[in-house]
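According to TrEMBL, the feature domain 'Glycine transporter' maps to C:5-79, C:91-163. Per TrEMBL, transmembrane segment is recorded for C:6-23, C:30-50, C:62-82, C:89-109, C:115-136, C:148-167, C:173-198.
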Amino acid sequence: MLQEILNDVGIAVFAASGALLGVRKDFDLWGIVTVGALTGVGGGILRDVVLGITPPSSLQNWPPIVIAAATSVLVFFFHPAFAQLRRSVLLFDAVGMGVFATSGAAIAVDQQVSAFAATLVGLLTAVGGGILRDVLANEIPLLLQPADLYAVPALLGAAVVAVGGGYTSVPMWIWLVAGTIVATGLRIAGLIFGWRLPTAPAGRRRRR
Amino acid sequence: MLQEILNDVGIAVFAASGALLGVRKDFDLWGIVTVGALTGVGGGILRDVVLGITPPSSLQNWPPIVIAAATSVLVFFFHPAFAQLRRSVLLFDAVGMGVFATSGAAIAVDQQVSAFAATLVGLLTAVGGGILRDVLANEIPLLLQPADLYAVPALLGAAVVAVGGGYTSVPMWIWLVAGTIVATGLRIAGLIFGWRLPTAPAGRRRRR
Amino acid sequence: MLQEILNDVGIAVFAASGALLGVRKDFDLWGIVTVGALTGVGGGILRDVVLGITPPSSLQNWPPIVIAAATSVLVFFFHPAFAQLRRSVLLFDAVGMGVFATSGAAIAVDQQVSAFAATLVGLLTAVGGGILRDVLANEIPLLLQPADLYAVPALLGAAVVAVGGGYTSVPMWIWLVAGTIVATGLRIAGLIFGWRLPTAPAGRRRRR
């Protein structure tokens with residue numbers, strides 16, 4: 001139940017980031033809602049396609065897309081307010097990322113995949129929407145560029161669920177809580193302490 | 001039978017739009033045929049992947065790709081003529097879009113998905129090829145930018161089939177005809193009357 | 001066994017090309033490993049999604065991604081050396097392309113798809129990773145641009161396996177060897193003799 005609510009919060013926050021990018025790119029209402037909706041539910045759709053869950057649950061059931069689309073419409077009208085909220089929204093985004101990573105891994109464990117696959121599927125669930133957003137907006141995915149830690153916390157949180165939920169008899173909900181704390185906590189710690197990964201050491205960079 | 005023919009017309013028209021973009025981007029023959037073929041059959045491939053129909057029927061059977069590739073080769077040689085035809089081609093494109101949206105929704109209904117999912121799958125069938133085209137050509141999808149109505153007519157036409165074909169006992173072919181008239185008619189009306197969706201109200205746009 | 005080794009070589013070479021592009025684009029360590037890993041295993045993942053093999057074997061089993069990620073880390077530290085090796089690496093890339101195209105087609109034949117589909121799936125296996133690499137790096141896929149023959153040799157090698165392995169009783173391994181020789185040989189011959197496909201004949205190019 002709490003997980004359900006946090007998941008919906010995550011969808012709304014992700015959708016808002018997509019819709020804001022759409023506003024900045026001068027998309028029309030349809031474009032803004034489309035990018036917002038795909039940012040909100042894209043990770044879950046990619047997760048289901050990779051796991052063979054068809055049709056993806058975000059298409060089969062209406063709440064996720066309606067939440068994402070409604071958030072995008074709000075952004076359409078009130079984007080200056082949302083843009084100002086961006087820094088305070090980082091907390092909700094961290095929670096959404098953690099919930100997506102762990103719930104994605106748990107759904108993969110349910111499908112009897114390996115712990116290795118479940119970890120990667122959790123990661124994909126957390127970051128897939130943002131990658132779709134940036135590809136559709138014709139930008140290099142933020143996730144690949146030097147920035148605060150994002151994917152690594154998602155990967156570790158998903159791994160907690162994949163290994164714990166897959167190989168122990170401790171109930172899954174404990175692993176979900178633990179994994180979300182790991183992912184969201186590491187993300188927030190990274191923001192506070194400015195943790196970053198290095199770029200490649202200098203050298204004569206050649207064209208491919 | 002008529003639907004089959006209209007579907008093939010749609011594949012050819014979509015492929016021509018992809019191949020023309022490839023010519024404009026100075027792709028070589030292979031690149032032009034690839035973008036043309038993916039624009040023609042990409043929507044159907046995405047539809048089948050999302051519905052779990054593997055391999056996608058556009059890969060399993062040769063006619064769709066051969067039609068799309070042959071059209072692309074014609075565009076390669078005679079692109080000035082095709083480019084001049086572009087405005088008259090809008091009518092065929094509108095028919096193709098309507099047929100793709102409704103046939104996509106009908107195939108989804110056959111797979112027992114919800115009416116909500118069938119509507120979205122119809123939309124994906126109609127617009128997926130164009131999105132793949134623009135992403136491969138490294139452009140922002142036309143569909144997201146301010147322009148004549150395109151996705152909304154597709155969505156409504158697909159919804160007619162998804163709801164009518166899914167929840168009533170009226171034969172599917174009637175819904176297919178009705179949905180195609182709705183989608184294609186709205187698209188053409190939008191072109192004639194210059195209907196457009198708004199962009200976001202002005203405001204201090206901030207960087208994400 | 002030999003095929004297994006050549007496949008791993010192909011994954012490493014593909015991953016290195018992705019990681020080098022990541023270095024050139026100033027991605028951070030995570031971005032470089034992500035693009036490298038997706039370039040190495042992306043073709044196989046797309047192959048499995050299209051064939052309905054879920055989860056994709058490159059996610060289910062760890063060796064492919066670990067090979068790709070480890071190669072990417074090496075590129076991260078020693079990219080000037082890798083960049084200098086690029087021309088000598090073309091040979092390994094040609095072998096990897098041939099192995100991917102033929103093994104992809106063989107896996108498709110195993111899934112009872114048509115020879116037409118198996119040929120296209122082999123092609124997708126060989127070129128999918130490179131397309132994902134370029135889309136993620138926000139560049140027009142190299143594959144579409146005028147360059148040395150790449151996709152056509154992959155297509156022909158895959159066709160040898162799809163037709164031979166699908167419609168004759170000659171053992172599959174013979175077709176795998178023959179197809180790889182065709183694909184890799186044509187690719188190398190194209191490099192040596194500078195074979196290229198034409199771009200579209202001049203004409204007044206119009207905007208779409």
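Numbering starts at 1 and runs along the chain as displayed.
Heads up, the Cβ atoms here are built off N, Cα and C, so glycines get one too.
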Legend entry - Other parts of the chain folded back onto the transmembrane segment (C:62-82), taken as Cβ under 8 Å at six or more residues beyond its ends: 8, 11-12, 14-16, 18-20, 22-23, 29, 32-33, 35-37, 39-41, 44, 89
Inset, instruction - State the residues, same chain only, that lie 6 or more residues beyond the ends of the transmembrane segment (C:30-50) and have a CB under 8 A from a CB inside it; answer 'none' if no residue qualifies. - result: 11-12, 14-19, 21-23, 56-59, 64-65, 67-69, 71-73, 75-76, 100, 104, 107-108, 121, 124-133, 136-137
Inset, instruction - Just give the helix, strand and coil counts over the domain 'Glycine transporter' (C:5-79), going by DSSP. - result: 64 helix, 1 strand, 10 coil
Legend entry - Distal contacts, the transmembrane segment (C:173-198) - CB-CB under 8 A, six or more residues away: 3, 6, 90-91, 94-95, 97-99, 101-103, 105-106, 126, 146-150, 152-154, 156-161, 164-165
Inset, instruction - Please list, for the domain 'Glycine transporter' (C:91-163), how many residues fall into helix, strand and coil according to DSSP. - result: 58 helix, 1 strand, 14 coil
Legend entry - Spatial neighbours of the transmembrane segment (C:148-167) far in sequence, C-beta under 8 Å, 6+ residues away: 97-98, 100-102, 104-106, 108-109, 114-116, 118-123, 125-127, 142, 174-176, 178-180, 182-187, 190-191, 194-197
